[in-house]
Amino acid sequence: MEPLKVEKFATAKRGNGLRAVTPLRPGELLFRSDPLAYTVCKGSRGVVCDRCLLGKEKLMRCSQCRVAKYCSAKCQKKAWPDHKRECKCLKSCKPRYPPDSVRLLGRVVFKLMDGAPSESEKLYSFYDLESNINKLTEDKKEGLRQLVMTFQHFMREEIQDASQLPPAFDLFEAFAKVICNSFTICNAEMQEVGVGLYPSISLLNHSCDPNCSIVFNGPHLLLRAVRDIEVGEELTICYLDMLMTSEERRKQLRDQYCFECDCFRCQTQDKDADMLTGDEQVWKEVQESLKKIEELKAHWKWEQVLAMCQAIISSNSERLPDINIYQLKVLDCAMDACINLGLLEEALFYGTRTMEPYRIFFPGSHPVRGVQVMKVGKLQLHQGMFPQAMKNLRLAFDIMRVTHGREHSLIEDLILLLEECDANIRAS
């Protein structure tokens, strides 16, 4: 983190925030942070390493709890300080597995009990985080009470009563903080692999048209400016998936973060008409089917994902255009499934259809579009379509040098693809 570039401040209406203390350029790194605590999300358990969050076919299982898995002895050794105490808890609760929020809070508690300062709390600590308890519905509060009971059962091997918790630590409030302050950690392909707490980054407020973006390199978080930012200007990120209508965005922001968005995009319903193009009855059916597809995708069940996507795409070929966000999400899932199953020609067919909608819905420099364009360029390269591949790989590089930065591992991969493509063009 470079503290001279940003500072904490009190906004007029939105509580605390972060603002620029120096003029910022697109692509400038504003903040880097390891998490206070993180854990593999349930769907990726056993598929990615519990420490570096990278996928690998054969993972080493922790010999004690037999739940945590690692890609190497090196990762297992580095993970031990964070895993040591939860190991007993995971072992004792088998065959049940705790919700992600329970395992995450357990790791937070152990970290706070250790008392060692964390760089992730440099501007804002876990104790400073907003809980929004006074804005929660009774149903939400009951859900938190259930989590507290689950947590107490999960942690019983290490913590038998409240006196063993950190000073002034309230479990109900702690879960409320976790729910509205945790970040979904995505891998290079933008697949959800983990969940983590980055207290200082939680100072960032939401915008449906943000001036910053976040990407991850394993569990390491990088915050960059995506456009010019003036001194004193607030730094913002988008808390949500951009492929959502204004109504969907407002509902999720209300339900999860307890505020009403009144930005220009929400007030004018910007791009909503494009997003919902096509037969309403059909896209509502696809919207419902996507819940099952996303669940299968989260558990890396690619054959089932592809089968469902193919059936939907085939039946709706004349009724839903690719710009419809639910059709677009199905195409995207179909492409990812094909890539993971080694069906590269079919993956390119689906990926190519997403390019124009992605240009419309992810304008400017957005990491999701950058990664998508890179995927399509890489598929074209493997199919021998060198001029087309070069065009898309260059476009991906222009986007990702802003969103990811030259030191990100994905940019290194992209540069190698550009060099390979250039060599093939020269040789042909």
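Each residue, glycine too, has its Cβ placed from N, Cα and C.
According to Swiss-Prot, the N-acetylmethionine annotation covers M1. What Swiss-Prot lists as domain 'SET' is 4-240, and the listing cites sequence analysis. The phosphothreonine feature in Swiss-Prot is assigned to T22; the stated evidence is a large-scale study or a structure entry. Summarising the annotation, Swiss-Prot assigns Zn(2+) 1 binding site to C49, C52, C71, C75 and lists sequence analysis as the type of evidence. The feature zinc finger is assigned by Swiss-Prot to 49-87, with sequence analysis given as support. Summarising the annotation, Swiss-Prot assigns region 'C-terminal domain' to 272-428.
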Legend entry - Environment of C49, C52, C71, C75, the listed Zn(2+) 1 site - residues of the same chain whose CB lies within 8 A of the CB centroid: V48, D50, R51, L53, L54, K56, L59, Y70, S72, K74, Q76, A79
Inset, instruction - Round to a whole number and give the Cα-to-Cα distance in Å for the pair T22 (phosphothreonine) and C49 (Zn(2+) 1 binding site). - result: 38
Legend entry - Chain-internal residues near C71 (Zn(2+) 1 binding site), provided their CB is under 8 angstroms and they sit 6+ positions away: C49, R51, C52, L54, K56, L59, M60
Inset, instruction - Please report the number of other Cβ atoms within 10 Å of the Cβ of T22 (phosphothreonine). - result: 13
Inset, instruction - Enter the number of other CB atoms within 10 angstroms of the CB of C49 (Zn(2+) 1 binding site). - result: 23
Inset, instruction - Please average pLDDT over the zinc finger (49-87) for the predicted structure. - result: 96
Inset, instruction - Show which residues of the chain containing C75 (Zn(2+) 1 binding site), separated from it by at least 6 in sequence, have their CB under 8 Å from its CB. - result: C49, D50, R51, C52
Legend entry - Where C71 (Zn(2+) 1 binding site) sits in the secondary structure, as DSSP reduces it to three classes: coil
Legend entry - Neighbouring C-beta atoms (10 Å sphere around the C-beta of C52 (Zn(2+) 1 binding site)): 19
